[in-house]
Amino acid sequence: MRQILHIDMDAFFASVEQLDDPSLRGRPVLVGGASRRGVVAAASYEARPYGARSAMPMAEALRRCPQAVVVPVRHARYAEVSAKVFAVFRRFTPLVEGLSLDEAFLDVTASRSLFGDGEVIAARIKGAIREEIGLTASAGVASCKFAAKIASDLRKPDGLVVVPDDVAAFLAPLPLERMWGVGPRAAERLHGAGLATIGDLARCPAPRLHELLGPAWGEHVRLLAAGIDEREVVPGRAAESIGAEETVEQDLRGREPIERWLLELSARVARRLLKAGLSCRAVAVKLKYSDFTLRTRQTKLAEPVGDTDSIYECAKGLLSRFDLSRPVRLVGVAANDLTEQTAGPTLSLFPVASERRRRLEGVVAAVAERFGGSGLTRAALLEPPPSSREAAADGRGGARDGRGAAREKGRRRDGT
């Protein structure tokens with residue numbers, strides 16, 4: 001039988017801040033933008049009893065926990081610590097599938113003869129992370145990915161849960177909200193049909209579940225609820241998306257201010273692509289209107305790109321597919337369908353200009369890494385983009401996309 005681990009760092013971003021600044025230890029910490037329209041990227045466990053959570057507006061989190069310390073996002077530092085964590089993972093197995101900076105699946109089936117069973121390996125990994133890095137992690141051990149992920153979340157922080165061989169029996173009493181991908185709307189629909197637990201989903205007739213959730217997703221949920229998950233751990237899986245987004249202090253109105261934000265965000269995305277050695281075959285733009293309605297549009301490309309100008313031109317072209325008469329509170333740019341950058345020349349109508357742009361991105365990235373994000377910028381951005389701002393998803397001092405990579409986002413991830 002397979003043994004799969006899901007390891008999730010505890011309140012990763014906030015824990016790194018407490019690790020680096022001892023004065024923050026034992027105090028409620030909120031990572032994210034400090035403005036009234038900023039968003040919490042991560043909340044320490046000391047802040048959570050007050051109701052502060054990741055993805056919550058910072059103003060609301062501070063209303064609930066006024067004594068909290070707000071610190072900006074530092075993506076580069078989180079990536080540095082994440083690399084150390086993943087190095088620990090790979091000491092026990094090469095089969096490591098990263099989901100974000102702070103969590104991963106590990107297939108340790110073939111490692112048991114060297115290190116012991118899954119529970120022993122998980123305990124050793126947790127111990128190594130604590131002793132060598134100074135952070136805690138929670139782990140789930142199961143015969144499949146779905147159950148391992150659920151298990152890792154049951155005894156946070158610093159937990160270790162082993163799922164018995166009868167996966168379905170383990171899952172059955174848990175609330176259906178624990179299901180991967182079942183959000184509030186789907187949960188409301190399922191509750192309306194008299195379903196409350198994962199066991200209820202497993203026992204629900206397939207046609208009824210298909211009716212409630214759609215044939216494909218309904219069948220997937222039914223199998224997972226029954227403890228059937230044959231997905232393999234895919235080592236070395238690259239991020240599926242790298243993005244940057246920002247909630248602005250005052251709503252944006254019209255094309256021009258939005259375009260300036262697209263340029264700023266395209267530059268951030270290009271730097272992260274360069275650092276990761278990636279290009280993209282698709283570019284997406286996300287706008288959130290003042291009424292919190294969210295719209296996303298994407299365009300696919302004939303050839304992969306990775307420089308600011310190319311990403312920006314794609315993003316700017318997508319604006320014609322949005323209603324720009326409505327006030328906008330959040331702007332985002334994402335590079336999707338990622339691929340490794342090639343060492344040789346790319347197919348381009350202007351190969352010399354393309355190569356110059358790549359070299360320029362390298363210089364900008366190097367300066368930003370050494371002196372901070374504002375060390376070198378384009379002339380078009382010498383004035384701040386319209387409306388003073390604080391980080392929403394990726395922070396002014398660093399990026400949120402890795403957290404969820406793109407905290408994944410994804411991921412999404414929120415460092416819980």
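Yeah, the Cβs are placed from backbone N, Cα and C, and that goes for glycine too.
Per TrEMBL, these features apply:
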type	residues	note
DOMAIN	4-183	domain 'UmuC'
BINDING	D8, D102	Mg(2+) binding site
SITE	F13	site 'Substrate discrimination'
ACT_SITE	E103	active site
REGION	378-416	region 'Disordered'
COMPBIAS	391-416	compositional bias 'Basic and acidic residues'
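Cα-Cα distance from D102 (Mg(2+) binding site) to F13 (site 'Substrate discrimination'): 9 Å (rounded to the nearest whole number). Averaged across the domain 'UmuC' (4-183), pLDDT in this predicted model comes to 94. E103 (active site) and D8 (Mg(2+) binding site) are 4 Å apart (CA-CA, integer value).
Secondary structure at F13 (site 'Substrate discrimination'), as computed by DSSP, is helix. Cα separation, the residue listed as 'active site' to F13 (site 'Substrate discrimination'), rounded: 12 Å. All chains included, 23 other C-beta atoms sit within 10 angstroms of the C-beta of D8 (Mg(2+) binding site). Taken residue by residue with DSSP, D102 (Mg(2+) binding site) is part of neither helix nor strand, so it is coil. Of the listed recorded positions, namely D102, E103, the sparsest CB environment within 10 A is found at E103.
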